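A.B. asks: Attaching a single structure in structure tokens format; questions to follow.
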Amino acid sequence: MSIEYVQLQLASPSEIKRWSQRILPTGEVVGEISKADTINYRTFKPERGGLFCERIFGSTSNGECSCGKTKRRKLIVPVNFNRLTLQKRNAELEATQAIIEVCPSCGVEPTNSKVRRYRMGCISLKKPVAHMWYFRNSPNVLAALLNMRSQEIDETIHFQTYTPSKYGTQNYCLHGGVQWYVNHWEPMHPYFAGDIDVSMDKAASWNSKSTFMPSQIKTIENCGGEALQELLTRLDLVFLQRMLSRKLKNTIEKKKLAAKSLRKRHKRRKTAKLLGRTDQKNYGITIKVREYSRRLEFIRSLARKGLRPEWMILSIFPVLPPDLRPMIQMSSGRFATSDLNDLYRRLIYRKIRFEKFLTLFDEEFLPDLLIRHDLCLLQEAADSIIDNGRLDKPAQRPNRKPFKSLTSIIEGKHGRFRQNLLGKRVDYSGRSVIVVGPKLRLHQCGLPREMALELFQPFVIRALLEESGVKNIRAAKNLLQRRSQMVWDILDTVVLGHPVLLNRAPTLHRLGIQAFEPILLSGRAIQLHPLVCPAFNADFDGDQMAVHVPLGLEAQAEARLLMLATHNWLSPATGEPSILPSQDMILGFYYLTTLKPTVSLKRPVEQPMAVRGRNLIQSNSIFNNFESVLHAYETSKVDLHEIIWLRWSSYIQTTNSEPLQITVNKTGHVTTVYDSFVMQSGATNGPDNSMLSVQMKSRDTSSISKVYNCLTSLNAAAFYILTTPGRVLFNNLIYENLFL
């Protein structure tokens, strides 16, 4: 079954009854919760008529009643499907359905315990209560429908003002701090339930200050949520929709005319005073347009979905199924219960208390203060179930933490929709804090061994069954729990070459989840190369990342070929590189490749590198390979920034191709000094092997050219480049990371 969408909307009282009430095979109607009890403290079984009643919500045992005397029976009729026609087969299949009875002892219908997840109950209220979503939210739906202020709606619901039962009248005088005596109500009613221009100057025994100011307000029966229900019932949605559409159209036309007249006055250069008055009129028209459009929007929504506004006032309060608000016994013997059970109990207790007051007194002598107080408590109990966090004084646990209401269970990041329906926790995944791993390669990540053992547990179990002689899965799991060395060795083999996916929320683009090769490490933090952090928008100040294991071969191939971090250098949005060296890396490169500074108090005179190189030709800072340079640096024979000569057998690129000095010794070996390297060659084939030394002067290359042309017949030459141990070390690092 595919679910396209989930919609929350109003439910009628008959719909709530259909959810909760059902008829037993005996003809008895069950569904209404009459007691606030949950379970029996001796038998630990649900109380009858309580919040976990088995008669209302179904039995807790599969196919058994509460006492165990009655079980669910099935009538099995043998059917020969080959000879019967389709109609006879359907008729006999209907006869094979389960026969369900009701236990004569406990009255519980033996059913499957799964029905306790969807069977609902209800609480019938003597006086209706308002739904909190429709008078405490912004915009206020009840205020918009009744064309009243939000404060008036709130005061009416919580019995701070009076709404008369006579249609078309409104009270203009009652407010907090005034009490109306019962014997004075009849003579006062024409004044406070009639028109506003009725004279109040008549002398009467009740028209005095001492009568109006003694104590609190006096209300009549039709007040609170019942008063709003009466007003909402009288709303004609079709007429209101037609009337508001006409008013909205006329108001918009007035606004256009006002704007047109304003432009004319600007042309005539009227005074600023007249323009200010016009702006005030336009502002008032804008407010009216906003009010009309908002009210019209609510009315159209109700009419389009076939809903009635009086359904916002609840006279039958629905109760969730018991398995969605469970009560669980812990190992210590105590019970842990959902917060909703405590909130439902408060509502039932206050409902029972109010009904008891109605039975103790006659209607003529009801103590109004107590009745009004109980109705306020009943409204607050209903509000705390719907949205406890929005109350001024929310219902709290003994540890002074507020209860979680229905709204808090549904809304927010950890609510039912975002946490469990839209985004679910998946298998083969984990989460931990990320730390920097500078020794890792770009396509690698450090994975804790404990996390890897849990993530790759099925692969490890399969390897144990195939290679280690373990006979069954239970024995393999016992080996995993003991954490033997064989398990860690198999884990290393399983993880080798198996990519994992790292994801950091929020995943705003496709680079928010990339593939890496795991490297098993001790500890509990995930190590990540610092260069891949910009793609995740991550840093190492406590960020967490999720690990996912691709299971199938197709998923592993996709992770390795498409999602590997080294295959995602460029941003798909801008085309710019997402992997760039950080500032500390650039400073490290500079430190490795720079020359040794001259230590002097005076301003140093910078010598050309070639001059310093010529002075070093006769020194001992000459090396034949990289290993000898690194060994000399590790043994502190040379400094990191010291200038050395290194034998070089590869391609040389230089900006100046003319030699600076050519030296030929008596044996015929030629030493040619260039700007940044030295070339040594074998003996010449000429008759004279005398020493020849020519040094280039400024802008004079004739003598050099003569000698240089004589060197064309040299044997194989050896090149020595001018460098530093730091540059050799930097070259080795690049070579290891690029070509290995």
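Using the three backbone atoms N, Cα and C, a Cβ is placed for every residue, glycine included.
Annotations for this protein, taken from Swiss-Prot, read as follows:
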BINDING   CYS65, CYS67, CYS103, CYS106  Zn(2+) binding site
BINDING   ASP539, ASP541, ASP543  Mg(2+) binding site
A.B. asks: Which one, from the binding-site residues CYS65, CYS67, CYS103, CYS106, has the smallest tally of other C-beta atoms lying within 10 Å of its C-beta?
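C.D. replies: Among the binding-site residues CYS65, CYS67, CYS103, CYS106, the sparsest Cβ neighbourhood within 10 Å belongs to CYS67.
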A.B. asks: Residues other than CYS65, CYS67, CYS103, CYS106 within 8 Å, Cβ to Cβ centroid, of the Zn(2+) site?
C.D. replies: GLU64, SER66, GLY68, LYS69, THR70, PRO104, SER105, GLY107, VAL108, PRO110
A.B. asks: Here's one to test understanding: among the binding-site residues ASP539, ASP541, ASP543, whose C-alpha is closest in space to the C-alpha of CYS106 (Zn(2+) binding site)?
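C.D. replies: That would be ASP543, nearest by Cα distance.
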A.B. asks: Which has the fewest other CB atoms in a 10 Å radius around its CB: ASP539, ASP541, ASP543, the listed binding-site residues?
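C.D. replies: Output over binding-site residues ASP539, ASP541, ASP543: least Cβ neighbours within 10 Å is ASP541.
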A.B. asks: From the Cα of CYS65 (Zn(2+) binding site) across to the Cα of ASP539 (Mg(2+) binding site), what is the distance in angstrom?
C.D. replies: 59
A.B. asks: Name them in sequence order: residues not among ASP539, ASP541, ASP543 whose Cβ is within 8 Å of the mean position of the Cβ atoms defining the Mg(2+) site.
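C.D. replies: Apart from the listed residues, the neighbours are ILE434, ALA538, PHE540, GLY542.
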A.B. asks: Which whole-number value in Å describes the distance between the Cα atoms of ASP541 (Mg(2+) binding site) and CYS103 (Zn(2+) binding site)?
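C.D. replies: Cα of ASP541 (Mg(2+) binding site) to Cα of CYS103 (Zn(2+) binding site) measures 63 Å after rounding.
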A.B. asks: Hey, how far is CYS65 (Zn(2+) binding site) from ASP543 (Mg(2+) binding site), Cα to Cα, in Å?
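C.D. replies: With distance taken Cα to Cα, ASP543 (Mg(2+) binding site) is 53 Å from CYS65 (Zn(2+) binding site).
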A.B. asks: From the Cα of CYS67 (Zn(2+) binding site) across to the Cα of ASP543 (Mg(2+) binding site), what is the distance in angstrom?
C.D. replies: 55
